Amino acid sequence: MHTGGETSACKPSSVRLAPSFSFHAAGLQMAGQMSHSHQQYSDRHQQNLNDQQASALPYNDQTPQPLPNQRRMPQTFRDPATAPLRKLSVDLIKTYKHINEVYYAKKKRRHQQGQGDDSSHKKERKVYNDGYDDDNYDYIVKNGEKWMDRYEIDSLIGKGSFGQVVKAYDRVEQEWVAIKIIKNKKAFLNQAQIEVRLLELMNKHDTEMKYYIVHLKRHFMFRNHLCLVFEMLSYNLYDLLRNTNFRGVSLNLTRKFAQQMCTALLFLATPELSIIHCDLKPENILLCNPKRSAIKIVDFGSSCQLGQRIYQYIQSRFYRSPEVLLGTPYDLAIDMWSLGCILVEMHTGEPLFSGANEVDQMSKIVEVLGIPPAHILDQAPKARKFFEKMPEGTWNLKKTKDGKKEYKPPGTRKLHNILGVENGGPGGRRAGESGHTVADYLKFKDVILRMLDYDAKTRIQPYYALQHSFFKKTADEGTNTSNSVSTSPAMEQSQSSGTTSSTSSSSGGSSGTSNSGRARSDPTHQHRHSGGHFTTAVAMDCETHSPQVRQQFPPGWTVPEAPTQVTIETHPVQETTFHVPPSQKNVPHHHGNGSHHHHHHHHHHHGQHILSNRTRTRIYNSPSTSSSTQDSMDIGNSHHSMTSLSSSTTSSSTSSSSTGNQGNQAYQNRPVAANTLDFGQNGTLDVNLTVYSNPRQETGITGHPDYQYSANTGPGHYVTEGQLTMRQGIDREDSPMTGVCVQQSPVASS
């Protein structure tokens, strides 16, 4: 018994794990205090806990058994740096980086293995198009390469979805050109062939390059790429804005751009062309010279003719017209909408409607212009993408799904405030500047609102836009457009010789007398009459406006009344005779619903001017913004060439003043710094006279619309030698681009 007792005492585990009957056998009376079934359940439960802990935490046999409360606590821990909670919280970025590294490492290995397994694949990539193209169908440009013993490639200056543009030197013509290299793919080739056809058609009707369209010199196929050779141009208008730190250019310079663009759109609207550009934006309007205001429109890759519309998704979003957004039929008016957006952006420095998508774009348009008319939305296939129709038949703008973007109520973001009409311009930056009065801004706002008419049928047309008072100059205004006399494709001057008392009119196939040149690009031309008076423009004076029914060309080309003869001298030894219509009363304008009465005569002889060889005092009040690509004036000390004033007692006409007083040749021979636009020192963009006897000098000049003549509307304004000198000083200070420096960066012409 003693031995058994020792054995029992030495094995506490047997006592702990023994069932109740073993305690009875040992003489211990513990089982009587609890029921037999309860004891069995308790022992079974304890055994399960022990088994679970033993399997979860393997203990060393030599380790002492923990207390019951300690059995639930882990004895070993994972490295905190590898804990999932830490990886997905504090080290989340590191985790993602590691995932990316592993993913791309595997991808790179698979790519290398694939190339190793199929050596022909790598060889095929190398010799695509006999090694001349990359895998994106673009020609591999090599600087210094010579093409066809004619073109020496200088550098790549542009790239786009169409292909690439390179700067090259033409050794035959001895000039720099821009070559647009189309991708070696059928779809791009087909579209480029349309562009070539349209460019050739436009150049055919603009042989003197007067209408601000880029000149396509020639085209050819080279190594399976269609190549278009263009004249070399300078910066685009977006580059110009960027170099003003997006503060915008002056209203004077904006006016110059506006008139040239309207002239170009008038040219595109001629019946023989009827071309829609479809992608007007600052990037597609290029300066001809970094120190001049002359511009040209480029990139007709998306263009089409009126009867051959191909695409529905056209125009860059910021400049997309309502009819394109709404899916209704479009015509040439979409380019006028784009122009309105561009002009505001050029002056404010910021896009007028900068939508992130089409819904946002329409919402931003509605903020400024209000809800489109119901008759437009009722016919629009995509109206319900942007608007919802109320039970009473009106339309409201749809609320955004996320509700994050908040828009101002329709029509409450006024253009009046955007332009800063009464606050000194955008941001008050133009306060006190000459040419930025409230009256100037009211004219600008009015013409922009006419360009941004929702209804394409009543949206102002180029012909009428050119006659808006924004382009006119009054007796007290010296900063409006300059003395360009240039012709529109629809209304040309015919040649004539003799004195100012002789007038000849060319009907171009139609009979009758000429009454007006109102389709010409300078509708600001003021005319002398016997009393020495000239017409003055009031703030909202717009003699002809958008008609209710859209017309390609102005109504009434001929009238029975005899024209008034006016002489305007454009050179000390020359003068030009124009046909001026009799005075007419201004027709009051009701926006989008005006009625207009005008008489015009269509001249078909392009590029011909009526010149006579007599010296006369020159007329001062004739503003026009046309800037020739070849003819500009410097500000100097001598009075000669185009700015000279000849004193003549035989004429009582007032004189048209240029802002510089040295001839065009002097400007051409003057070295031009490549990185500056200081017009106060090197010339001015304010005024350019562009009627010459030498047809060669007319290259790059716009057309010249004449204004209606109205007697006794203002005092005569005569310019003396002293006044001209003072005028030159004013122009030096008010030069539209004085102080604007643009870093040299050649821009492709298309």
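Heads up, the Cβ atoms here are built off N, Cα and C, so glycines get one too.
Binding of ATP is attributed by Swiss-Prot to ILE157, GLY158, LYS159, GLY160, SER161, PHE162, GLY163, GLN164, VAL165, PHE230, GLU231, MET232, LEU233, and within the candidate set LYS142, LYS180, LYS210 the record adds LYS180 to that site. In the predicted model, residues of the domain 'Protein kinase' (151-471) average a pLDDT of 96. In the structure as shown, the Cβ atom of ASP279 (active site, proton acceptor) sits within 10 Å of 22 other Cβ atoms.
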